[in-house]
Amino acid sequence: MLTTRRVRFYGRVQGINFRSNTLVKALELGVKGWIKNLPDGSVEALFSGESEQIEKLISYCVSNMPYAEVKRYDVYIEPYTEFQDFQIKR
């Protein structure tokens, strides 16, 4: 089922290639959308695609991301949005 999720990651998630590692994994899983650093030190992402693949991507970000220490993450259901690719926003 196609779905879109907005996710905020908190903890040690900036300055450790979190966004670029997420981009690589998203491309591997066929997830589209974007990811960006926020001024408060968190990272926000919008993941769009098959719900199972999005869950795998979130799990990777939370549990298997090199050097990251995700203390908390919030997931929000969004209206489905179609993207052409996955981007790192600056």
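Just so it is clear, glycine is given a Cβ too, placed from its N, Cα and C backbone atoms.
In Swiss-Prot this protein carries:
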DOMAIN    4-90  domain 'Acylphosphatase-like'
ACT_SITE  Arg19  active site
ACT_SITE  Asn37  active site
Study note, to complete from the structure: For Asn37 (active site), the same-chain residues 6+ apart in sequence with C-beta under 8 angstroms from its C-beta are Gln14, Arg19, Val43
Check your understanding: Around Arg19 (active site), how many other C-beta atoms are within 10 angstroms of its C-beta?
Key -> 19
